[in-house]
């Protein structure tokens, strides 16, 4: 079972002692050589850095907690005001919080200096106290030493300092968001609906690479709220043509929807002339402005209840046009400050952190997808307009940035051969990341004898004629694919609503012995889906396959074939395998592939738990996987219960194969650079603990690889003839491990998929630990081959199958958590802890039924 070609791997290195040990990522073993070379350009721009010292000062601004924008203004005023005494011609740069850097030391020595700065404000000036204290000298010489490999690690504080220098000017010109800068499009707006619009901008970060510092520049886009009157915002959110059609108070459901959208946003008032005070919305009143009262203190000192409408009439001589609409409650909840909608505007420049709707997402993608050559041109334009070499702050520190993208030599790896089954055991060879199943049969097809259909689409839209023809077509395609469906379904009925799912499924399970599959037909987006998965996966342990009504009304061989790919795997079949002779040497001994991911609830949802998922391969192909899943603390990135999860998977692997893995290859998704150290430390120890708990001398070699897709590295073909497809992307299998990668550590970029829309995003792999002493070629080829083992399609996908499956398992668990009385998977109206259920109840909700546990229910 475990035989493979090629040289044997070096034996795993003995693990170092566990206690008090800071794990260091391994050095790069070598550079890859496999594959044909390809000339590329990367959106990295070389920086020329002088070998000087930079002076780092700490600022303390009182009152604290001002937004960064205000802090920047304060510092700007301070530098102007104290020019003669302190700053002279120096141009300090500031990070908006506490850190200030100068190219020449300030004449204050080591002492703390206290200054007073006045900001002219609307109405009255604001006074701030600022203290400056010297922190350290940041040596750029040390950076040069690290980049050339003379120092073991890149000094973080130098990169931070350079980042602040490069961001200082753009931060004052644009709206910063994370590492990107945005501005509203001049002259043309890109509405998304619901009071939101697209803003375009650019990402910028300073990155160490081999021998050079690089500036990574990319175009980016994000959703902002439209600056508009709140009255117009209400119309957009609630789909009114105009406010005139809403002559009566909002209904409860309208108010809830509106509250959900506006809560937390800043508004400015329009009824006080030039004084446009800003407030944050904390709620929307239940009562309209004509009935909403608050305690008003009169001149006589006594307090009377007054309505908001009356107050505006008396105090501001303003008769409200829409007294029947509610008010915004602003500021602190306990303070009872109410503003009628009609005197408020949404403040410009607020980013939308709430989840976009499906329609908004597709509009966003349409507005932002750029073919690779277009994106390349846009990035070059950006560089010209940013013109860093004329930026006075960048020049102050003697930094120069090249205008051209960096040339990089990549390699296009050979795809693996894919082995099918049936009589002819056909072999497919992927071309551009895609292959075809025509005239091929599953490696191991399942025979389906007892199956049912439950149709939740209305009978008048999805008729019995549709169902009959769908069944015939599905049986034909499945027979060709080597997964014969014998006979008609044993049950075929219509049903309505999520409430009928459980009784119907119970009836099916009790009535039809040996029932293998329920095909469920859904009318578009519906809560029925979550309920089908909850009942099928967690309550009764039944295999379910959902199909959209439109794919039943009009079948195509492609959709039916894709359906078969999923069904065969859910029932325990194997669609195809990597050709055994073509696999890398790691397969010579038993090896388990683990994929892990943590998904977090959407931003703005303060209570829902995060979900951690780990999957493990269960055969030598590797094709079949088993899943484990846990709920954990909200937004917790480290997998808390990893030791127990890995232990479960190792036991399951042994049950399936009768082997103990001698190697564990762990692909970890969803970790950002800042968390590498933490995650590695906790999770590597957890994997080791899982092994030792099984047998005290069991020490398989562990390789820990972080997979990242959320980065801004983009690669472009230098030669137009190399471009692939309509969007002109790099070919599938393109790998880069020089020039733009880490100066000393083991990382690489691999674009394993064929880009269909927009510009391909290569995945970034960073090896944080490697007992198995992989060479670059071997790990890159292994990773690329695993991208071809994803069962849902006959294409190579953008990350290795185990990492992808972990993502699917976590995503499915979100559906298991849906509380059908209260919320939908998109986000609940109540922001309670998944509606007040405690940790135990949530943990139970994601627990998969015993019969489902060993199947690939998530496929």
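Heads up, the Cβ atoms here are built off N, Cα and C, so glycines get one too.
Owing to the predicted nature of the structure, the values given are computational and were not obtained by experimental measurement.
Under the heading region 'Disordered', Swiss-Prot lists 1-27.
Among the features that Swiss-Prot reports, 3'-nitrotyrosine is placed at 2, with the record citing similarity to another entry.
Per Swiss-Prot, the feature compositional bias 'Pro residues' maps to 9-27.
If you take every residue in the domain 'PAZ' (229-348) and average the pLDDT, you get 95. Per Swiss-Prot, the feature domain 'PAZ' maps to 229-348.
Marked as region 'Interaction with guide RNA' by Swiss-Prot: 311-316 (among others). Residues 271-272, 289, 294, 296, 340, 343 of the same chain, all 6+ positions outside the region 'Interaction with guide RNA' (311-316), place their C-beta atoms under 8 angstroms from a C-beta of that stretch.
As annotated by Swiss-Prot, phosphoserine applies to 387 (among others), with the evidence given as experimental evidence. According to its DSSP assignment, residue 387 (phosphoserine) is coil.
The domain 'Piwi' annotation in Swiss-Prot covers 517-818.
Under the heading region 'Interaction with guide RNA', Swiss-Prot lists 524-566 (among others).
Annotated region 'Interaction with GW182 family members' per Swiss-Prot: 587-590 (among others), in sequence order, evidence recorded as sequence analysis.
DSSP gives residue 669 (divalent metal cation binding site) a strand state. Around residue 669 (divalent metal cation binding site), the same-chain residues at least 6 positions away in sequence with a Cβ under 8 Å from its Cβ are 595, 596, 597, 706, 707, 708, 709, 799, 803, 806, 807. The divalent metal cation binding site annotation in Swiss-Prot covers 597, 669, 807.
Broken down by DSSP into helix, strand and coil, the region 'Interaction with GW182 family members' (650-660) contains 8 helix, 0 strand, 3 coil. If you look up Swiss-Prot, you'll see 650-660 (among others) marked as region 'Interaction with GW182 family members'.
Per Swiss-Prot, region 'Interaction with guide RNA' is recorded for 753-761 (among others). For the region 'Interaction with guide RNA' (753-761), the residues of the chain that approach it from at least six positions outside its boundaries are 365, 368-372, 375, 432-434, 709, 711, 713-715, 724-725, 727, 729-732, 787, 795-798, judged by C-beta separation under 8 angstroms.
The feature region 'Interaction with guide RNA' is assigned by Swiss-Prot to 790-812 (among others). For the region 'Interaction with guide RNA' (790-812), same-chain residues at least 6 beyond its ends with a Cβ under 8 Å from one of its own Cβ atoms are 415, 428, 430, 433-437, 533, 537, 562, 565-566, 569, 575, 593-599, 611-617, 622-623, 625, 627, 629, 667-669, 707, 709, 732-733, 751-754, 761, 763, 783-784, 856-859.
Swiss-Prot lists 824 (among others) with the feature phosphoserine.
According to Swiss-Prot, the feature phosphoserine maps to 828 (among others).
Among the features that Swiss-Prot reports, phosphoserine is placed at 831 (among others).
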Indicate whether residue 597 (divalent metal cation binding site) is helix, strand or coil by DSSP.
strand
Can you see whether DSSP assigns residue 807 (divalent metal cation binding site) to helix, strand or coil?
helix
Using a 10 Å radius around its CB, how many other CB atoms surround residue 597 (divalent metal cation binding site)?
27
Listed in sequence order, residues with CB under 8 A of residue 387 (phosphoserine) and six or more positions away:
none
Within-chain partners of the region 'Interaction with GW182 family members' (650-660) [C-beta distance under 8 Å, separation at least 6 from its ends]:
1-2, 590, 592, 616-620, 624, 626, 690-691, 694, 698, 700, 854
Number of other Cβ atoms within 10 Å of the Cβ of residue 807 (divalent metal cation binding site) across all protein chains:
21
